[in-house]
Amino acid sequence: MDESELFKGLMNSTAYCSELAKVDIPFYKSIDTEFNENIKSVSSRFMRLIELLLSKVDRSRAEDIVDVEDIDNRWAEVSDTLDILFEKADYSIDKAQGLLKKPAIETHASTSDVANKKPKKEKLPYKVIHAAHLTKPQLRFRVQPNNSREFVWSWKLTEKPHSLVPLEKIIAQVKLDPSLKNSLPHPYEPEIQNSVYPPWVSEMSNPIDTGSVDETEPIWVSTESQLSDMLKELQNSKEIAVDLEHHDYRSFRGFVCLMQISNREKDWIVDTLELREELEALNVVFTNPNIIKVFHGATMDIIWLQRDFGLYVVNLFDTYYATKVLGFEGHGLAFLLQKYCDYDADKRYQMADWRIRPLPREMLKYAQSDTHYLLYIWDHLRNELISKSAERKENLMQSVFNSSKQISLRKYELEPYDPIYGLGTDGWRNVLTKFGSSKIIGREALMIYRALHDWRDSVARKEDESVRYVLPNRLLIAIAASKPVEAADVFSISKQLTPIARMYVEDIVKVVQEAEKLYNEQVDREKSQFKEVEKQNQPLAVFSESNTLGDYKVDSSVFEISKQNRSKLKTLLANGSAFWIEGQSQDDLRKARKERLFIVNQNIPFSLTLPCTQGHVESELNVKQSTVTEAANPSLNGEKKQEPIVIRDLGLNKQKRDSSKLNHKEPSNPIEERNEDIEPSEASTSVSKKRKQKKKKKNSGKLTIEAEHVSNDSPIINEAPFDYKNQKNFIADLDSDVGKNKFGKRGFNPLNKVSLPKRNTRELKKRKVSDGKSTSY
């Protein structure tokens, strides 16, 4: 089989698997035995192939995989192994075809090929993505960030332009209600809720072309005078486009590095690192209800504006929600730029480090393009919303505005660290669920993991670094699972330790050791508590050698309240029934019972405690060496010994009783004749016997398969090669002539869609466009 046929078969298999995943497989397996057997055969084949694949890399890791659950739990290892093998195979194929050798004579592609193929973009240099040796800009901030867990955040707002409710009134309300200090109200909530959009927004208009981004030079704003000039022009605009570039990798809380603002004529790029404390002046424009502020994916932008600059937005239009209402295929800004402007945004710079100064021209142009075309896109979206509203007979424009209002009402609030329950975005519970559910096993590993997670958060706050920079989540899980004893063990876990982790490697080992010590102390404490409870919970012995009745007056009545018998009766019956004790309050009795817990013998689950009689006393005096049971239940005047009531035996299921005994009439006194009617051991014998036979029958098939498997020294490697080319497709056969009846018609095939998968490889490779802006750096 050559490379083209192999690739074709691989693509067909991928297509079938993609379609098969959409079908309710368990349902069809339950109604079609042939389909069930075929699925089992394919699954076992896949299992053996994966085991063979891993064995080529590491035999010890392959032996640990037994079933599908192991693959699910260790899919990261399987995926990494596949990536390594694919890269090596790709490299070997290129080398065999001579693609890696530089040709002696340079060849030039035809003009048609050049026109059809886009040039492949190289990866950005590492220094552009992470400027490791850059001095932290936050060290130059006039107000240093406070990362402590006890810090209470407050508004940065000092004045409130375009207000319906004055700022002083809101501050007075917070002072009167202390509960509002933990969750401050939105200062512009009344203005946002009561905002009315200008009438011209609902009118159709021709989109205003802003020209190419290459034809317009952005204006860099880094001084107060430049900021003032920009404000004057923005106040005369009807609509503006705004975007932010954020960084949160080398900072605990993160900060905004750039702000891009555009109107119909100009593009501004504001250096927010230099003008951090002066940008509150933009509220004059941002809170003006007569100026429409166009954002794309403003969910986080609104939060960052409040946190860093004290800025709030009134009359926001989020183009992301317009794409949702219109039902577009994509919802990202790159999709809109391609759809309306035929502009291919270089998304490599999404991951760039925007702290770099001065900015390279490529990064500057990328930042400018985010807002340069946004007002032109807003014109197109507005026209489509108006036209679609007439077709659907609903106000789609108002729907987008309502969603945008909810985004404007978002508030910035600090997320507290929760060491107990691990709640929150970066809480230990969320990280454990995503990355360590299969690796952190046992109470000790969990305690070490939680201690390391707490330590990571503390160091990140202290060094003003993100938790990902201090200790990535996967490395955190790996350290907690391996339980390093010394620094060398930590370095052996991963070769890519972060600089902070290398600097604090001794502290990491110390945290692990302290967590182990705490766990051992907790285990010892639980063992001692269990022993204490077990010691207190000894079966009650009313009469024993240590509890003799030598000083008890035998010839007197047991129930006679005399000075001689009073103390002895209290000693013997304090743990029995409070009814027989005179002169003690209910509180004293309750306290005595709590101090002395007792359990009934396990052979008698529920028993009735009876008062002592004179027969008990005489028996104890005559036979000192008798057992506890004989002392507590002696024969009385030759009468038949009375057994305690055992509720569990009387409550047995009728099917578990002897069938011959069920035909007899129920005895008048079930307590006395219980042992004659019911034999629990005999009743349960047949049930346990049936279970053993069933289990033996079930395991017989497994033992046969295992015996055959063990007989072969290397069943996977010695197996005959699988003929992929001539393999029968059982899904496609469901629509073949085999299934026709005598009238020449085929029956209903529920897997018809699966047998006709999409063969368009581009569609299979096409990635889903993400919703809006998810992460920024």
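Glycine residues also receive a Cβ, built from the backbone N, Cα and C atoms like all the rest.
Annotated Zn(2+) binding site per Swiss-Prot: ASP243, GLU245, ASP370, in sequence order. Feature annotation from Swiss-Prot assigns Mn(2+) binding site to ASP243, GLU245, ASP301, ASP370. Positions annotated as AMP binding site by Swiss-Prot, on the basis of similarity to another entry: GLU245, HIS246, TRP304, LYS347, GLN350. Residues or ranges marked as UMP binding site by Swiss-Prot: GLU245, HIS246, TRP304, LYS347, GLN350. Per Swiss-Prot, compositional bias 'Basic and acidic residues' is recorded for 655-673. Under the heading compositional bias 'Basic residues', Swiss-Prot lists 688-700. The domain 'HRDC' annotation in Swiss-Prot covers 442-522. What Swiss-Prot lists as region 'Disordered' is 630-702, 743-777.
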| task | Measure from the CA atom of ASP370 (Zn(2+) binding site) to the CA atom of LYS347 (AMP binding site) and give the result in Å, rounded to a whole number. | result | 11
| query | Do you know the DSSP helix, strand and coil residue counts for the domain 'HRDC' (442-522)? | reply | 65 helix, 0 strand, 16 coil
| query | Taking the Cα atoms as reference points, how far is ASP370 (Zn(2+) binding site) from GLN350 (AMP binding site) in Å? | reply | 11
| query | Where does HIS246 (AMP binding site) sit in DSSP terms: helix, strand, or coil? | reply | strand
| What does DSSP say about ASP301 (Mn(2+) binding site): helix, strand or coil? | helix
| message | Among HIS246, LYS347, the binding-site residues in question, whose Cβ has the most other Cβ atoms within 10 Å in this structure? | response | HIS246
| task | Measure the Cβ-based neighbour count of GLN350 (AMP binding site), defined as the other Cβ atoms within 10 Å of its Cβ. | result | 14
| message | Can you tell me the CA-to-CA distance separating ASP243 (Zn(2+) binding site) and GLN350 (AMP binding site), as a whole number of Å? | response | 13
| message | Taking 10 A as the limit, how many CB atoms besides its own sit near the CB of ASP370 (Zn(2+) binding site)? | response | 24
| Taking just the CA atoms, what is the gap between GLN350 (AMP binding site) and ASP301 (Mn(2+) binding site) in Å? | 15
